[in-house]
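What follows is a single structure, written as structure tokens, with notes after it.
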Amino acid sequence: MLDQKGPRSCSAGEIRLETKETPAELSHSVVETPKQWFMGDGSCDNFWTKSCATHERIQLRERHCECIECGKGFIKKENLIVQSRIHMGQIPYECNQGGKAFREKVVLTRHQRIHTGEKPYKCNQCGKSFGRKGDLTRHQIMHTGEKPYEYHQCGKGFRKKESLFLHQRIHTGKKPYECNQCGKSFGSKGDLTRHQIMHTGEKPYECNQCGKAFIKKESLTVHQRIHTGEKPYECNQCEKDFRSKGALTVHQRIHTGEKPYKCNHCGNAFRSKGGFNAHQRIHTGEKPYECNHCGKAFRIKGGFNAHQRIHTGEKPYECNQCGKSFGSKGELTRHQIIHTGEKPYECNHCGKAFREKELLLHIRESTLERSLMNVTRVERLLEKR
């Protein structure tokens, strides 16, 4: 132990320390060197050596290391070193494949697994592997069904803290991410990134079966299930299957009655964000989807897509019973009723059930019949006079 005051340096010459008090007082102090700021303990001659690591931890449990630039406190000197690099702009750990640099060696190690494909963290329940321990921890919650992050206003629970923050913005209406091209704001950085691709027109993910391209890889994955027929997400209440997790989530709200998206103009609530956005355009009059063939504009992308098929002649929805094809899913659904014999449309005058076209004919006939009856009644009254 040293029984003196004054400056010291570590053996590598990286960090300079100064003891303002005697060793018996075990005080922590800071000295500014030309480009580095650190907190040191003057009580140990081997403070920066491995042999003194245990002593360091005992001392630092009692008093935190504090950054003199921002006042942030740390228990471990390693964390203080990383913090100092933020102020100095120092990023010493560089990836030799992509050139990306990091402040911490552990972050570089995690990043390099992207290139190597290494996934050392394996789930002991399903065998799925992950590149980061945090990803494994979040994945394992799926098996337990635990949702530790709950929003106090609506009681909805989430597996991830990030998901809770995003959900809160639905209630608060906060949209902190703004597009620098059109000024539109978004609740998450991911939504902004996806939106910005709309300006560039870039769609890097292409289906190898039909050539359709997508902005997001996830959208391509869901689309490919149209070709494979795969529907991996099943509703645990009615056993209906879905191609995407998002579609399942929206569907489950039919059972729960949940409608988390509320219009602040008229109070109408919606199960899906897409339905909510489309509804808001009724108030704003916005029709962002314009046909480049005829100039007709639409509020909803689905309506726009269906309209474009009039020009292209595309009929992607095929009946699995007779092979007939249709331009929209709704047309296919209405057609399939012919095969099932179902008559879901009921006349509100006589209660008789019909297929859609039959109902329209019935209404016309009934209206005409009622009109003729009214004319006859009027004629009889006139005759009596």
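Cβ atoms are placed via backbone N, Cα and C, with glycine included.
Any TrEMBL annotation is an automated prediction that lacks curation.
As recorded in TrEMBL, the features of this protein are as follows:
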{"type": "DOMAIN", "residues": "65-92", "note": "domain 'C2H2-type'"}
{"type": "DOMAIN", "residues": "93-120", "note": "domain 'C2H2-type'"}
{"type": "DOMAIN", "residues": "121-148", "note": "domain 'C2H2-type'"}
{"type": "DOMAIN", "residues": "149-176", "note": "domain 'C2H2-type'"}
{"type": "DOMAIN", "residues": "177-204", "note": "domain 'C2H2-type'"}
{"type": "DOMAIN", "residues": "205-232", "note": "domain 'C2H2-type'"}
{"type": "DOMAIN", "residues": "233-260", "note": "domain 'C2H2-type'"}
{"type": "DOMAIN", "residues": "261-288", "note": "domain 'C2H2-type'"}
{"type": "DOMAIN", "residues": "289-316", "note": "domain 'C2H2-type'"}
{"type": "DOMAIN", "residues": "317-344", "note": "domain 'C2H2-type'"}
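Listed as Cβ neighbours of the domain 'C2H2-type' (261-288) (distance under 8 Å, sequence separation of 6 or more from its ends, same chain) are residues 170, 173, 250, 253-254, 297-300. With respect to Cβ pairs under 8 Å, the domain 'C2H2-type' (233-260) is most closely packed against 149-176, considering the stretches 65-92, 149-176, 289-316, 317-344. When the domain 'C2H2-type' (205-232) is classified with DSSP, helix, strand and coil residues number 12 helix, 4 strand, 12 coil.
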